[in-house]
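Participant: The site 'Part of a proton relay during catalysis' annotation in Swiss-Prot covers T46, Y110 and rests on sequence analysis. Feature annotation from Swiss-Prot assigns pyruvate binding site to T47, A205. According to Swiss-Prot, the feature active site, proton donor/acceptor maps to Y136, an assignment based on sequence analysis. Taken from Swiss-Prot, the feature active site, schiff-base intermediate with substrate applies to K164.
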Amino acid sequence: MLENVDLISAIITPFDDQLKINFTALERLTNHLIETGNTGFIIGGTTGETPTLTHAEKLGLYTRFAEIVAGRVPIIAGTGSNNTQATIDFTKEVRQIDGIIAALVVTPYYNKPNQRGMVAHFKTVARQADFPIMMYNIPGRTGVQMENATIVELSQEPNIIGIKQCTNLNDIGFLVENTPNDFAVYTGNDPETLGAVALGANGVASVASHIYGYQIRALLDAVKHGDLLKAGKLQRELTPKMEALFLYPSPAPVKAVLNAQNWSVGSPRLPILPLNQKEKLNLAHQLGVNHLADVQLHY
């Protein structure tokens, strides 16, 4: 299902001046990301500000996004929550949208189940929603971490097709080694891109691809062609820039860069604040330029 899908953009949700979804900006950005070499998308993830979207907004966003992509690359849509039944119900709605091939389901946050509870949650969602599921393990945001043994157990479930893993390279390597060959493992940490694919992961679910898509595409292609010197050089150049995009609560930094480049993606919704002028200048410095408008989006 995710063969040859190595660069997935966890795409932002553009807003207009009234903080309504800006579908014109979304279409323009989507086409650009495909042009830069993206081979898949996550819509409605963390970077997409899902917690600030209403149910109706999510359905409208996913439907329109699938129309924009028009089958060019696979789409995975966020449906997860800390309510198992609500996750099932929403996944059933989303599976009706043509072009969406799987649901991204995050570990249950706030109520913090134990490992047995997480197994029960994901198995119940996968079976009752009857739709391919990509698990999303991001303990830095959820307050709960799914252990490797739990993930390995869940990887045997037919409808659970993979994981977006936001922990460390040791975990990535363990999961690649101990899950079925058709279970897709993606790092959700941009600076781990080269390390993850070197360990056998499918690729990266990226935020930095909004800005450095050409470079990440070149890095992944260099690995495929066995040019590790080139891949290593690109990763070394990209890592501090990738880290800089998380200096402030995401997706505020990436939106600031895109707005400076006239992509008109708007501000984040509260509780995330847009960057102030001092923060923009600091971000530009960390990205190696004087102003965010100077960031080069082409490679």
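Cβ coordinates come from backbone N, Cα and C, glycine included.
Computed from a predicted structure; not experimentally measured.
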Participant: What is the nearest of the recorded positions T47, Y136, A205 to Y110 (site 'Part of a proton relay during catalysis'), using the Cα of each?
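Facilitator: That would be Y136, nearest by Cα distance.
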Participant: Could you tally the C-beta atoms, other than its own, that fall within 10 angstroms of the C-beta of Y110 (site 'Part of a proton relay during catalysis')?
Facilitator: 9
Participant: Nearest to the residue listed as 'active site, proton donor/acceptor' by Cα distance: which of the recorded positions T46, T47, K164, A205 is it?
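Facilitator: Among T46, T47, K164, A205, K164.
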Participant: Show which residues of the chain containing the residue listed as 'active site, schiff-base intermediate with substrate', separated from it by at least 6 in sequence, have their CB under 8 Å from its CB.
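Facilitator: The list for the residue listed as 'active site, schiff-base intermediate with substrate' reads I42, L104, M134, M135, Y136, N137, I138, Y186, T187, G188, A205, given in order along the sequence.
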Participant: So if I measure Cβ to Cβ from T47 (pyruvate binding site) and keep only same-chain residues at least 6 apart in sequence, which ones fall under 8 Å?
Facilitator: A10, I11, I12, V207, S250, P251, V254
Participant: Under a criterion of Cβ-Cβ distance under 8 Å and sequence separation of at least 6, what residues of the same chain contact T46 (site 'Part of a proton relay during catalysis')?
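Facilitator: Same-chain residues close to T46 (site 'Part of a proton relay during catalysis') (Cβ under 8 Å, separated by 6 or more) are A10, I138, R141, S250.
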